[in-house]
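Chemist: Per TrEMBL, the feature domain 'Major facilitator superfamily (MFS) profile' maps to 1-422. What TrEMBL lists as transmembrane segment is 20-40, 75-95, 116-136, 148-166, 228-252, 264-286, 293-317, 329-350, 371-391, 397-418.
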Amino acid sequence: MAGGGIPIGPGGDKAYPGNLTLYVTFTCVVAAMGGLIFGYDIGISGGVTAMDPFLKKFFPSVYKKQSADHSTNQYSVWMLIVGRILLGFGIGFANQSVPLYLSEMAPYKYRGSLNIGFQLSITIGILVANVLNYFFNKLDGNLGWRLSLGGAVVPALIITVGSLILPETPNSMIERGNKEEARSKLRRIRGVDDIDEEFNDLIYASEESRKIEHPWRNLLQKKYRPQLTMAILIPFFQQLTGINVIMFYAPVLFKTIGFGGDASLMSAVITGTVNVLATCVSIYGVDKWGRRFLFLEGGTQMLICQVAVAIFIGIKFGVNGDPGDLPKWYAIVVVLFICIYVAGFAWSWGPLGWLVPSEIFPLEIRSAAQSINVSVNMIFTFIIAQVFLTMLCHFKFGLFLFFAFWVVVMTIFVYIFLPETKNIPIEEMVIVWKKHWFWSRFMVDVDYPNGLELSKGGDVVKKV
């Protein structure tokens, strides 16, 4: 290895030329709308299950226990199940492809902001669903829940139309052998003519990826241990923040602490608005302040709020669940802390849970690793949704302390093990692992990206 070279920056990252063009902005905005269907599904799920006509038709036993209704009619729920399965396939495909598309298309200096557009779409979908639930719940009969569930066709159409007009990423074009077309596309999305260095690095990454015949099997290699660890633990931790307890069951929670049926859905609208606004904060700051700062600040904020909510609910509800005469100001204070908690999640683990995994995978394992990331996310979303009510019955107000414990664990994990990834091209992300105090021990068999090497002083430099 050569002993000298040209330093290329404190992070070892190359300074690819490029602008935030109108073309790439429009492309990323359209692609990010793939998150609408996921957010709409999250918002609709909690609201619809709070509508009496929906429970009466599909879950009469639940409705009977809730309203002391003694009817014995039972319905087949197959239509609902099949529809939810098909919707799940669509959400899975979107969650797999959209974050990767955004990370590959965006200029690396703006990658965080453009990628978080996906999370912004999710939060907008949740908010729209909550607003629709609030108004549809006022309709007589079964029309309300039918309109709420049927409304998913709108974001589905947006995804379908968007997929027809969106261009392929330069990475994908190179993988398919269309190098000159990829060069032309890269020049257009970067808005400059000097794209040779970035283009050559994409070619190099593609050539390296072609050497990998079995990406799934290769994920288990030692040199991919950092990426595999993050692909599993980041979505795992994201679900253990407790956010789905709030977003899935916000109407139930608010109803439990003293709000009426309509008021509970309105409270969900409030948390949804906070979610959207706080995500915009993340879009503004992620490429300025860095991923680690937002992770650590958001984790601290969520921890404080969860402990506070546990104390407030514990004092008033105790272990028997009877609040007695619950003052309105008391319920407002609880909602306030919940909103601050949602804000902390919305500018940290919410968007970064999708951004960071999508930008750390090398090309040869990118698709397989992202599949694992999405699968872990969906599996633990399902598990948390299934066990939440049982845990609530057993832990009561201690459930918030349970999730607070996990927030402590994940915040410590980020502080110790997650390197900063802002302003580093995704094809050179291996640098952050090779320079990390812990992960570097797994990267001994990994070459530096094309044109880079390690100097005697330990700096990443350009070969001369």
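If you go along the chain as it appears here, the first residue is 1 and each next one adds 1.
Including glycine, each Cβ sits where the backbone N, Cα and C put it.
Any idea what these are sitting next to in the structure?
Modeler: Per-residue confidence over the domain 'Major facilitator superfamily (MFS) profile' (1-422) averages 83 (mean pLDDT, predicted model).
If one looks beyond the transmembrane segment (20-40) by at least 6 residues along the same chain, the residues whose Cβ comes under 8 Å of a Cβ in the stretch are 87, 90-91, 94-95, 97-98, 101-102, 105-107, 110, 114-115, 117-129, 151-152, 155-156, 158-159, 162, 165-167, 188-191.
Same-chain neighbours of the transmembrane segment (293-317): 241-242, 257, 282, 285-286, 323-324, 326, 330, 333-334, 337-338, 340-341, 343-345, 347-349, 352, 396-401, 403-404, 407-408, 410-411, 414-415, 418, counting only residues six or more beyond its ends whose CB sits under 8 Å from a CB of the stretch.
If one looks beyond the transmembrane segment (329-350) by at least 6 residues along the same chain, the residues whose Cβ comes under 8 Å of a Cβ in the stretch are 119, 122-123, 237-238, 241, 243, 246, 253-254, 257-259, 267, 270-271, 274-279, 281-282, 285, 294-295, 297-302, 305-306, 308-309, 312-313, 316, 410.
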Chemist: Any residues 6+ beyond the ends of the transmembrane segment (116-136) with a Cβ under 8 Å from its own?
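Modeler: For the transmembrane segment (116-136), the nonlocal Cβ contacts are 28-29, 31-44, 46-48, 50-51, 98-99, 102, 143-145, 147-148, 151, 155, 247, 250-251, 262, 265-266, 268-269, 272-273, 275-276, 279-280, 282-283, 286, 346, 350-351, 354-355.
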Chemist: Can you name the far-off residues of the same chain, 6+ from the ends of the transmembrane segment (397-418), with a Cβ under 8 Å from a Cβ of it?
Modeler: 229-230, 233, 237, 240-242, 245, 291-292, 295-296, 299-300, 302-303, 306-307, 309-310, 313-314, 317, 349, 356, 391, 438-439
